Each structure stands twice: as C-alpha cells, then as structure tokens.
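First comes the structure, then the notes that go with it.
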Amino acid sequence: MKGIRSKNISIQSTLFEIFNSPSMKVACTLKTSTGESTVSTRLTVIAPPKPGTCGVSPQDRTITTEKAWTLYVEGWSDEDGLEEFQFFKAFMIRWIASDRCQQILLISSSVGLPIPWAVPSLHSGDDTMDKQITSLQTSDGTFSLQASLSEGPDDNNFEQEIILKVHDTLGATTTVSCGMVVVRPMPVEDIRALVRDIIDTQLHDLKRMFAEGDQKTCSERSTNIVSLLNSASKNPDQNPELIQVEINYKMETERNDRALVRKELIADMTTLEARSVIAIQQVSSFFAEAVLLGDEIDQESQVTFMNALGNMTEFLIDPDNIKNVPSEDLEVAMENGVAAIGGIMDAAGRDGFLGMLSELEAATKDDDWAVYDTALESIGENDDLNVAGTYEEALKIHTANIHKQRQARTAELVNNKIIAALDRQAQCFSRFSVPGQTLNMNTTKMKVVMEKTDAKTLKGKSISPPYSNGDVVLPNTTLLSSMNADKPVVMSVSQSTNHPLRYSTIAQGIAPQSNFISIDIYDDNNTKIPINNLTEPVKVVIPREASMELPEYISVDPIIPSWTNLMNVVVKLNRTQSAVFLDFKNIEGRQFLLVVKKGKVAYISKDSETDSCDSVYLMPASMSTGLEDDGFRHRFFLSNDDLGDFTGKLYVGIRELNSTEYDMDISRGCASVTRYDNGTNYFQGNFDLRQYVSQCLAISDSQADWSTKGCHVGRETEPSATTCYCTHLSTFAGGWVVVPNTIDWSYVFANADFLSNPSIYITVIVTAVLYFIAAGYARYNDKKMVEQLGIAPLADNDSRDKYFYEIIVCTGMRRNAGTNSQVCFILSGEDDETDVRAFTDSKRKIFRRGQIDGFLMAVPRPLGYLNFMRVWHDNSGKGKFGSWYLNYVVVRDVQSDTKYVFVANRWLAVEEDDGQVDRLLPVAGKEQLADFSYQFGERSRKDLADGHLWFSVVARPPQSRFTCLQRVSCCLCLLYVTMLTNAMFYNTTGKEEGSNAFTFGPFSVSPEQITIGVISDLIVFPVNFLLIFLFRKSRPHHKRPSRIDRAIKDVNDSNKQTSINDVKPEVNSIFSVSKTPTIPNDPHRPDSVASRPATATSGDTGQGLTAKKKVSFLYRSRFFVSYVVNSIFSVSKTPTIPNDPHRPDSVASRPATATSGDTGQGLTAKKKNKFELPWYFTIIAWILLWIVTLGALAMVIFYGISFKDETCKKWISSMLVSFFMSVFITQPIKVFLFAIILSIIIKNPGGEKDEEEDDEELPHVDPDNELLHSGDIGYGAARPRKVGYKPPNPDVLEKLRQRRIKEIKMWGIVQEVIIYSIFLMILLVISYRQLGTSNFLYKDTMHRVFIANNETNIDFHTVSNAKDFWQWTKSGLVNGLRAGSYYNDYPPLKLRAFINDKVSRILGYATLRQVRIKPALCEIPGQVEGLIDQCNVKYSIQDQAEDKFKISWQPMGAGDTDNDTRTEYKYTKARELNGYPYWGALAVYSGGGYVVPLEGSKEDLKAKMEQLEREGWIDKYTRAVFVEFTVYNAQVNLFAINTILCEFDPSGGTVLSFRFEPAMLLPYRSDAMLFQIVCEIAYVVLTLFFIIREVESLIKSRMAYFKSFWNLVEIGIIAMSIAGIVVFFYRMVVTNGLTKDFKSTNGNGYIKFQYVGYWNEIFSNLIGFLVFFATLKFLKLLRFNRKISMLSATLRHAAKSLLHFGVIFFIVFLAFSQLFYLTYMHVDVDYSTFISSVVVSILMMMGKFNIYSMIMNEPFLTQIFVLLFVITVTFIIVNMFVSILNETFTVVREDVKKQGNDYEMVDFMLQRFKKWTGIGTAVVDDPTTEDLYAPRPGRSDNVEDFPDRIERLLQSISTVSMENDNLIQLYQKEQYDSRNAKDKLRQGGAPSQMGGARAIGMRKESMPGVPKVHTH
C-alpha cells in the first residue's frame, strides 16, 4: 500500500490474494491534538467474465477492403451480465526491449469503485502494441461478425495475433487470444488501382459514410484503407523499363495520390465527435495507422490531425467524461494517442525535406515564392541553389526551400499542439493514478513513461522509457526545493524517433539516427514545473537507431615519418561544442603520449616556444593498476568544454613512450614534454583505434531553437548512445559525426589508386616518358659523337710526306659564324713553311657554328717552331654561309706532341669587321692565352658544355667518357632525389618565423631554412657526385683506335702507299749531341716560342735522361741535310702552349709514350698518372643509379599520396618552378660568375688539365724511322707544285662586300616584313582580346541597369537636387543592385549577389560615399551680410571635413562615444577604403569619406535610404556623393568597375557623371586560353628580339641612330611594349590579391577595384598607342616606292619650315580660340570650356559648326569673328602650309641627292628573284671567286710563277748526293740565315710581320756562293 500520507492511496493486488477475500473494508483514521476521526469504505472485487472460445477465419489471406474475415466467439458468460466485446490485433514493436513494471490497481480516496480482480495484461508480449479492430456491444456470449484486417508486419512474415477483450456491466474484463492470422499485402498494381478508384469514385461514398455519423464503421473502414496505403508505400513499383527520372516522377505521383486519400480520411474523421473513451480508442487507433508513414501527411493534415487530437485529450482530462471509466481503457486511449503523436512528430519533422507534389504546387502560390532575396548576406551557412546546374533545377530547389519554410511554420504550430497534448495526457494520468504508479506506453515511433511519485523520491531517481536503452538520472540534490517533499508529482519521460523542430541551422547538427528524449515534471495541480540552473546536472542517455552503422575499430600500423616525431590522427569538427572520442584497444601494458593541436599538425620541436601543441595527455593517464577502472581506461576524451566553439581539423599526435617515460609529469603542458628527434619511432606494435564525435543539443518550451547551452557530452558516450549532462530539463537530442581514420602511412597504402592521386602519377609518367625519349636521343647523339672524334686527312696530302701535324679549327658561336666557303691556309715555321693547303672533309660538313673540326696534315719535313699562320677563304659560300667567324686554331706536332695555338676571334667576311677574308695569325704567347676574354670564353664554354649536367646532354665534348645516355640517367636520378628532398621538407617551415630569422629587404632566411638547405644538399650532392665520379673515372673496357692511325690509313688506302712505319731511313744519324731542345734556346725569343719536351725521338737508349741527354735524329729542310745543336741547359722544358681542355687528344699535351722512345727508365718531367677506376665500375655505377632512382621514385610517390592531390599539385608546381629556375637561370649564372672569377684570379694558360686520360690507342709512329721520302731520285723536281698564295683583289673584294651588304639588307627587309607582320598580328590578337566589342555592350548594360532604368521612379539624368537623388537611390539604384524577378514573375534563383542584369555578380558590396566640406570657410560680402547666414566654398581636399559626427551631422560632445553615432557619420580614410583621388567635373575628390555599406535585401536598402534621407545625410555641406561597386560577368569574362557621381555645387545645383569601366582582369578564362598564352609569350619574345636588334643598331650607328624618325617610332613601340607587359603583370598581381580577398571573405567583405581600374585604364591607353604606332610603322615598308620616298624626303626637308609655320599657326589659332571662349562661354554650351572652344574652332576650319546659335547670342560680332577666322586661318594660314610643301617638293624632285635610294633595293630584290626562279632575264653582274684572286692588270703570270719554279729547283737539288764539304757549307749558310733572322727580331721586328726566316713575301739574302732566291 502506497500514498498513506497523501490524499490518494494505492493498494496492490497481492493484498486480496493474501486474505483470499473478495470483499474488504478499508478505514482511514486521522489523529489530531483535539481528537481523531475515521472514514471508511468497502472494496469488493468483481469477478471477470467467464472465458469461452474465440477464433478468426480465414487464417491466411491477402488484405482487402472488404470485410473478408469472420470473428466468432462462443460460450462466454458473466453473472453481472456481458456488455461489450473488443477485438484487437497485436504485433511486435521494433524497439530495443527492456524490463518494465506495471501497477494495475488504482483507488481514489473516499470514493467506492468496483475494482477489477486479477486483470491480465492486454498485450500478448512485453514488446507488443495493440490496435483495435472492431467491437460489438452485446450480452450474448456466442456470435460471429465480419471484419477487415490490416496487413501484418513484414518482418514477422505478415503474422499478427488477434486479441479479444470482454467487458461485463461492472467493468470487469477478461482478455484472451483468438489465435494467429496471416494478412498478406495486396499486389502493388491492385493497390494503385484501388487508390485511383478511391480518388475517382469512392471518395463520394466515403463522405456519405462519414455523413451518416457511424463512428465505429467509419473508423474501421478508414483504418482498413490507410492500412492498404501503408502497404503500397512500403512496396513501391519499380519498373526496370523506365529511366530513373520517370521512376521518381511516377513514385512521387503515387505518393501524392496516397497522401490525398489520407488527407481526406483525416479531415472526414475529425468531423466525427468522439464522446466516449471507447470512441477515442477507435479514432486514435485510426490516427496512429494513418500517420504511420509520415512522408504522406501534408501540412494541412498535420494541423487538422493535431486539432482533432487536442480535442480528444481535452475530453480525457474532463472528470465528468472519465467518471466510472476503467483505467485500462484510459491507458489504451492514451497509448493510441501517443502512437498518433509519435507519427505526427515524425511527419512534421520529415515533411519539410520530402514535400509532395501537391505541397510543392502550393508552395509556388505562396507569397514568399516570388520573393527571392539576392543579397549575399541572406545566403546563410548553406546555399542549396549553388548545387543546381540549371535554372529548372534551381527552381525545384527554391520551391522545396519555400515548402521547407512553410513546413517549419507548420511544425512550430504542430509542436505547440503536441506539447499541449502531452501535457493533457500527463494531467489525465495524474487524475486516475496514485503515487508509485507508473504508466508505460510503447508505440512504433514514440515511447512514454509516466510515473506519479512523491517529490522527495526524485533525488537520484532513474527512469527510462519502455523497451529503450535511453535513460534519465536525476541529480542527488533536491530537485524541487520550493515544493513540499511529500506532495505528489508526475514525471513524464518520452522518447521519439523524430521532432518537428528540425529545420533550423543548429538543428542540422542533430544526427539523422538520433532519438529525442523529453523530460517534464508536473505538480499536484497538473502544472508543468520549469527546472533550470541546477547545481548538479541531470544525466540523459540518448539512444540512436539500432539500424545505424557504428564506427568500427581500425587496426593501425603506427609509423612516424622522417619529417616529424608524432603520428597524427585528424578529426574534423563541423559543429561547435562537440566532443571527441578516441577509443584504443590492444594497448595493454603500453602508454602513449597524445599531443593535441587545433588547426595544425601536432609537432614537438627542439624549442618549446615553437611547438605545434595546445595540450598534452597520457593514454592511459596512469600505468598504476586500478586507476581509471571505470571501463574507459583506454578512452581519450575531449569534452565540448575543452574544444569550445572550435571547428575545423583537430590534430592528435600519438607517440608511444618507453618504460622510462611512463607516467611522465605533464603538469606544465606542452613545455614539459621530452624533446624527440624527427623520425624516431618507439611503437612496439599495432593497436586498434576508433574515433567519433558527439554533441548535446536541447530545446525547451520557451526556446525558439536548439542550443548546447547548459549541456556537455559525457565521457560514457558510446557510438550507440550519447550521454549528456545538463543543468535543465527539456527535450534533448544527440549530434553525431563519424570521421574516417586518416593516419599518414595507413592512408598512403589504402589510397594509392590513380583516381585519388592523379597529379603525382601523371608527373611520374610524364618524367618517365621524357626520360625514354631523351635516352633515345642521347644514345643517337653518342653514336654521332664517335664520328666527331675522328680527324680528316687533308685531301691535298701527299702519301710520300711522312711528317704529320694535327690541326684543330674552332668556329665561333657568333650568329652566322659557320661557312661553306673554301678555306685555305699556310703554316710557317722557323725551318719551313707549307704550301697553300685547303681544309676539306668528304664525310661531314665542316666549319659549322660552334663546331670543332680536326684535320691531319702531312708535310715532307718538320716546319720547326711555328711562328704564324695565314688563313683565308674564297667567299664562295652562298648568303650567310659565305662569311666565317674563326675562334682559334690549334696545331699539334704529332711526332713531338707539341702544341701551338693561334687565336683569331675575328670575322673573315666581306660584310663584318674590317671586311677582310684574309687573316695573318701569330702563334699565341702566354700573355694572349692569359687574356681575360680568352680565359672567360674557354672556361664558360667548358663548364656549360661539360660541367653543367643538364646542358651537357646536348653539348658534351665528344672525347668525354661521360656519355650522353649516362648524363640523361644522372639527370633523372638528380630530379627524383631533388623531388624527394623537396617533399621531405615541404611546408615544414610554414609556421611563423621567429625572431631568429635574418631579414634583408623583401627576403627572410631563418636558421631552420638554412638547415633544411644544408640537409637537402647533403642528401642530393653525395649521391650524384658519386655517380658522376664513377662514370667519369671508369676506364673504358677497350680503347678507341688511334684516329691518327685511321687518318693515315685512309691516306694510304686512297693512294695505295705504305704506312709510315714501312719507310726506311735513307740517311743514318751521324750526329749525336747531348742537348735536349731541337732548336737552340734564344733568350730574346718571345714567350710564344718554346722548346719541345724530351721524347723518345731523342734517341734514349735506356740509360735514363741525365743532365746531358743524347739526342740523335736527322731531318731536312731546303738548305740543310742535318741539324745538330749542342745543349747548354740540362733540363728539358715543357711547351709553353697551354692545353686545350676540349680536345684532350688533339689539344692537350700527352705524357711521354712509346712514341717517345722511352725504354723504361722514365723521364724526369714525366706527368703524374691520374686516378682511374677499372672499367667494371661503370656497371656498378649503373646499378647504383637505378637503385637510387627507383628508391627515390617510390618515396616521391608515397609523399605525393600522403600530401593528397590538392597539396600535391601545389608541391609539384613549386618544385618544378624551383627546378627550372635552378637549371636555366641559377646554374648558368653560377657558371658564368665562376668563369669570371677564375679568369681574373687564375691566369695560368698551361694549367688547365683534361678531366679524362687518353682513352685512345697511341699512334704507331716509329721513332727510329727517319722521316725521309722513299728515296726516289729526282722526285722533288717531278713533283707538281701547288699554286702559291695570292692576295685578294681589293676592287673585287669591295664589289663582293657591296653585294653581300645588299643581300643582308634584302634578307633584313624580308625578315622585317615577316617578323613585323607576325608581331602586329599578335599585337592585334592580344589587343582585341583585352579590349573587345563586349566591352561597350557591357558598359551599355550598366548604363541601362543603373542610369536609364525602366524600374526607377526617376531617371538619373534628371536628378537636380538631393530629393531627386534619394528618389533615384530608393528605386533605380536599389533595383539595380539586387536581381529582381523575371518577366514572368519567376524568382531570380541562382542569382544571389547578382545585380539586375542577372548575369553580373557584385564583388563584395556597393558603397555610398560622401565627401563634404567644413562649414563657413569664406566670408560673407558686406552687401548681403545679414541676408545670408553662412558662406561655404567649393570642394578641395584641404577643405574637406574629416570629423566624427552624431546622427544628422550633430557635433560630437565631450562625453559622447562611438555608441552615439553610426558608421555613415564617421570619416573613413582613403587608406582604409583602398581609395584614390577621383577627377570629377567640379573638382578632384579624395579617396576617403563618410561611407554607407549597401548591404542587405531590397527592403533593407530602401529602409536605409529613407532613414538617411530623414536624417539629412545630404545637406548643404555635401559636395559629392559616390556610388561605387564592382561587378563581374563570367559569361564574357569582364569586370565592370562602376562609379556613379553626383556633385553638389555651392549654388545648389548638381552635376551628374558616371563611369562604367569594363575590364578583362582575368584573361585566362576562356577556351582560347592556350592560344592566348602562346600569343603573349610570342609577343614577349618578339619584344626582346626588337630590343636586341635596336641595341645592336644603336651600337653601330651611335648618335646618328636618333636622327631617324622610324628609329624613334621603334623606341616608342619597345618602350610601350615593356610598359604594357609590366602593367599587365602588375595588374594581374593586384587583381589576384583582390580576388583572393573575395574568396577569403566568401564575397561578403569590402572590396574596391578603383586602383586596379586605374592600372587597367593605363594598360588600355598603352595598348591603343601601341597599336597606333605599330600600324603606322607599316608606312616604313612603302619607302621602297619612289613616290612615297619623294614624299618622305619632302617632309624631312620641310621640317624646319613647317616648325616655323606651326608657331605662327599656333599663335593665330590660340588667339581665335580665346576670342570665341571669352565671347560665348556664358551663352553657348559649345564654348563653355576652353577645351571645347578649341575643338569647335578646329571644326570651324572644316566648315562644321553651328553658326546659328552664335548669331542668336551675338548677331553682329559673330559675322565679324567668323569672317576674320576664315580669311586668316583658312585662306592665309592654310595656303602658307600648302606653299611650303609645294616648294620643298619641287626642290627635292630636282635634286637627286635629296632623294632616298631605298627603292633601289626593290630592283636588286627583283633581279635576285628572277635569278633564283628563272622567271625573266636577270641582269646580275656579280664577281666570282676567280675574279677575287685573278692577277691584277699590268702583272705577268710568268713573274708570279718564278719563285715557285725556284722552289722546285731547290727541291730537286736537295735530292742529289753531295760531298761532305758542300753539306757543311750549306749547314753554315743555314745557320747564318737563322742568326740574321734572330738579329732582326732583337732589333724590333714583329713575328707577325717577319715570320722568322720563312715569312711570306720576305726576300732572303744568301751567303757568298749561294744564289739568291725569292720565296713565298
């Protein structure tokens, strides 16, 4: 028994069972101080009806609308009489089951009621729900009736239980089961036909049925129909032949039809008045079935439904209505009502997202549908219209949004009615319940538990909805402190699957699977008790749907990358006040350090001040056993209190601790963490991790929206239920976000597919493809290099000549340096000189630009020390190949390995330099070889061609071991390793640099960046250095055959002669001397003359080279048989000629070899051997290269995947830019700088050594063989002599020069025409792309939208005062700034932030800016003083007002603050507005002012304008009001920078102006982007070409360059091109900054384009002038026309006279202009300004002026003025101009010297064209090569041949055997001649002039007895 101390007492049924008595007296005694009183009543237990039998037939059938089932009963009786039989269907509830208790006996104080005895539960199971089928009031215990049954639950095979409840006349009941029945669904086609039939025909019958008012019949029939509708909804038709759109439309149509039937049934059912509890049971049962599927209940039905439900609950709380009604019947009625409420809550919460066709149609008729606010501010957090692709899709979304808004209003109304209905249910429960009684109501979509108890029992009370894992635990403190603890209260806890208030922004955070828990407490007066601000929170467990997919544990393979020291887990938080859960598993016995960082990757740096860390934790918190033993030991939890309002990415860095670090002290937060090295990893193994995010939201009856205030997420939260702790009681919901586990390396291996990472894979594929292409080219190039290693024997070599010289010729890198002309030369030495020899090569082209060619020259004897070389060509090459730029020539004596360098660095060309084709080159000495120009050229060429890895791929030296293929492969390796190091440290210094950064100018370098650079170099450099070292130092497997031998073999093969080794010496050596040099050392010899080093030819016999080494050889010249000189010095000298690094085998001196005759003792001057590696190290290098390359490639791919594609793109872009900058800019600059430094500092011409040793076999030259001919007597006399050197004819040379100059000029003209045509075409393409026809159309659109707007009340042109201006702003301006409805009143969807042209998007927002002046800045004249209160001046920047004002421009007081004013009354500086001065009609205005932001909807803007007008924002101090904004039209890719200006004159008038400036600020946004970029690049390249060309022309012409008009035009074009390029890119930079601001603010921020507009205007002007001058320059091409040439000459010679005429004309014209201006300025608008007067005066010269307006104002003076103007200007001045030109033209025509001759080039070009094509007869008189070297007139060929004949004579004599005396005589004579030559050198003779004893053209005197001869 409960409730003893209350007015209600509860007696449990066990009391009657204990006493076993059907009747009992109950007495209650009240004792007081004055006595006691007793009240009693008798309780009698009524026996229930005696059970009979019941059944249903058939037991398995398809549902139908007919009453197809028979319900029968038999053998029922009751002694008090039977009253009613009720049939119910029972089915399983799809909720999570839980325990429940029941109270079944209720009594009320002092009222005797019959109490049911042992009443069983109506439900056949604890988790079932019962719905009434039918009932019959009868006293007969046997009968049968027909009924309709609804479909059974599909999850139970459509099986349901039939329950019979029998009532007697006193209220006793008996409940039994009638058995199970299967009711199967009707086929979908039949249901669809039935629905259409109901709509078409049966609705009329149904309405008639409802009109009859039989509630029982109507309820049963309606319930049967909605059951069929539910069956159809659960089984929609899916026709595979229909496409998805058709299926969706068909399904929506059917859903709409079903909803229409439900709507009609609900509306009709509400017309029936339920006047009994049984009737309420029947109607509410129908309602519960009708709203079972909430997506078919429209808004009208929701309201109708709740009105009817409200009436029924009102009925239940009336005591008169429920008197004598058993509590069981009330419970059934209430439970049906709860089922209905749950259904309607679901419908109200879902309908806004799933509108039906009829509702969407109704939405289009809503007033809000046609109103669409296009203000950017109204977008809110989400704008669903952005996802729409077309207007039709946007229209659907907009209609759905309007429906959602309508449903939100409906849901708010429904929610209020639901709250009232639940309150009345609680009141009803309170009326029939006693303390301790609990009522559990379990329905499909709502569960409710109501409990009546004492207030004191609420402490710590736990109550749960039935069959739910939800729970509510009240605090242990007093919950109702103001209430008597013994008074009863009713506590109601409800759980629903949905809630009506789901449409707010905050409600979007509620998880779709979340349930809702509502808690209410009512006092004993049935009044709801508000509970807030509790000191101890209420615990609420909010379950989620059981069908929800829960996050699973993921196995983590922990890896710490090398660039960090933590493994980061990323959690994305989309909502504020969220809590984060990380559940760990399989970490027993381990402890982790967790580092949390908001928005950045967590990282522990070496310096705690630069940590990326917010807080640190230990997981578990302690390793001590027993601590945290709450079941959540391995859970990491961050509550919403910890995270607050943070949204974004939350990084949790994880690191396992070693045993020595367990339970470390982290009290100091991040600063207390141990510092770790990057890449260190102590993870002992894998572990499992699960993460999720949760949120607690609540809403009360008094709140308008959901809120997290007063709630926090509990640590006990699980994926299946959220635990909330709140300090108030209301309705609660749980937010839920499942974040995927994205953990560095796990992510890499899980997301390595191509589609997720296209950038990195495409990059790798492209680089691989490029490598294979480059490798193929490199392999081909290597093969071609082998050919270049050979040397070509000269074609004029004689096979009998056995002394060889290798000649290396280097052609320069100048433009057109190569030649096809025949090049000849003569080499002159101290002992002999060559004949005229010609360079030829039958197998390859020689003397190409930058090419090094090798030749083998054979001579009959050594030439001795070489002195000079004469080189010339015959100019036979065609065009540009007639000229030749010679760099240098290197001659190497093959036998002695001595080198001689002849440096030229000059042109051999008729049109270049001095016009000579003949050069005399002296041998280069130390000074010349140490010269900076030579050193720099050689070093830079070598470093680029061989040292620069990338350039050397195409320019490597042919003799280098390091092949092109190896270089390409090393490039690939270098690229991937560089990418790897770049990725390793990418963005690692992205955080703010500290104070330790070094800043210089715009650059800043931190120690971290320096460290990264050093580490990167330490990774990249050693690997690539090792690879290059291995390739360079590895000897080849087999040496190349000697090219000398091959060349000699070619000579011998061609002449069928024997080799050098087969030649037998004719004369043995007879002299043996101990002096090393072959030529005596002369102290007076220049530095260029050097002795050869000692070689094997010295005749060493194995005794070693001592102080006096024996040298024995015999060689011949013209005048001696042998030459022996005693040595004075004992040390052999090294040649002074430096080694050339680019041809080691031909240029550099080789060490002593077998050819030297060394027998093994070695040479004292022998060169030290270089370090080399065996040949197989090349294979090792290849293996190492591919291991490094593939390893780096794999790591690069891993990094690229871990970066994710977006970041990967940025990384690749930055890396490629850096890479190309390094290869093409940084490294070449470094090469040149090093070459400059080394050329200045190190000037050792002989110090350059080759990088590789000789990889070529040594030539087989036998040193023991005498270098003599084969001994044929008389061969010299019979041997034909080549033609000697003949200097070119200067007259012919001059003709060739003139012809070549004309050719160059001709090709220059052709080139100029072609290039300039291309330049102009590209310029026009760029210009018209930037300034196209769309610009004007766009400007006209702006004019029609804002100025000539049809939707305005006043045209802007007619604004004359402030009132008109405000009228225009409220109509024309506002309507223009916001997109309005279409012509058919359709809303402007997808046009948020668009203006009224509906294609232009406003950037930011428009502003209204006012500039005003300070008051009373001028004095009032005394004449009007007193009539005028104040004098105000015109505007000027120095007079403008910049103070702060209160509203209506009231001055700010001393105590006033910013709260007393608004933004529009505060002056904003130009710097803050990004404003610049603006040139108006009356003044130049500053960029600052008083600004009004034009934000909000049309209504907001109009209200703002009205407010400002009322406040007098424009007053007498206002001088100008600007409307400024910028729009962008993506369709034409144009911005429009708009300024509308209204200037206010002090006189009160207005001056209106506007400027709409279209600008293409984003040029690369079209299909022609690639073509445009190509054109722009070509334009820049052509500009650079013109700059270089004009600089060259300026250097040649000097100051005369500026005298040409066309040169000045060219300078102007170049200057404007450079300026245009600079302005273009600067404008792009500024635009990118503005668009970046636009993006960062989502278009809401203030953005002003005035500055970029100024630059765009400058760019447009530059383009205009540039096109003008560029087009004008085409007139230059007409100079070849004789008449145009004469016209040009006339203007040139008349320039001085025209200048004088211009002065006179200017004075006269200026005088008349001032006359007209001063006379008519006040009366005629054409002359209102001086500029306009000048314009009209110019038109007057042409007779185009309005004389009538002038005459109307000044009738007499006008006639005089016009007459004087016509006579003076038109007749006199103009005729003077004509006369000057006529006279000058006559002079020019008669004086040929004053005419240009450019037209002569036309004749030359025409003749050349005829010659080349053969069309017509060409008149060409070109000198030939034969003419160039033909003998001059007056000279005999016989005389010319005399020296040659003498030479041949001497050659023959030399073969004759002579006696010893004659030999001695000849030897003495030769010695005498040599000394004579040396004496002349000592006396100052230059070697280049004398050339020793064998200088060309030098006459040599003989000794007595020897005939005198002339040599050449």
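For all residues, glycine too, the Cβ spot is worked out from N, Cα and C.
All TrEMBL annotations are machine predictions without curation.
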Disulphide pairing with C1418 per TrEMBL - partner from C1431, C1542: C1431
From 141-160, 1041-1060, 1281-1300, the residue range that TrEMBL assigns the feature region 'Disordered': 1041-1060
Contact between the transmembrane segment (1698-1718) and the transmembrane segment (1760-1781) (3 or more Cβ pairs under 8 Å, separation 6+): yes
Lowest local Cβ density (other Cβ within 10 Å) among disulfide-bonded residues: C1418, C1431: C1418
Tertiary contacts of the transmembrane segment (760-778) (same chain, 6+ residues out, Cβ under 8 Å): 754, 953, 963-965, 967-969, 971-972, 975-976, 1193, 1196-1197, 1200-1201, 1203, 1205, 1208, 1212
Residues in the domain 'PLAT' (803-922) grouped by DSSP into helix, strand and remaining coil: 4 helix, 61 strand, 55 coil
Selection from 1569-1588, 1608-1629, 1730-1748, the stretch that has most Cβ pairs under 8 A to the transmembrane segment (1658-1678): 1608-1629
Contact check, the transmembrane segment (1608-1629) vs the transmembrane segment (1730-1748), 3+ Cβ pairs under 8 Å, seq sep 6+: no
Two-stretch contact, the transmembrane segment (1730-1748) and the transmembrane segment (1569-1588), at least three Cβ pairs under 8 Å: no
Intrachain neighbours beyond the transmembrane segment (1569-1588), with Cβ under 8 angstroms and 6 or more residues off its ends: 1315, 1318-1319, 1322-1323, 1325-1326, 1329, 1563, 1610, 1613-1614, 1617-1618, 1621
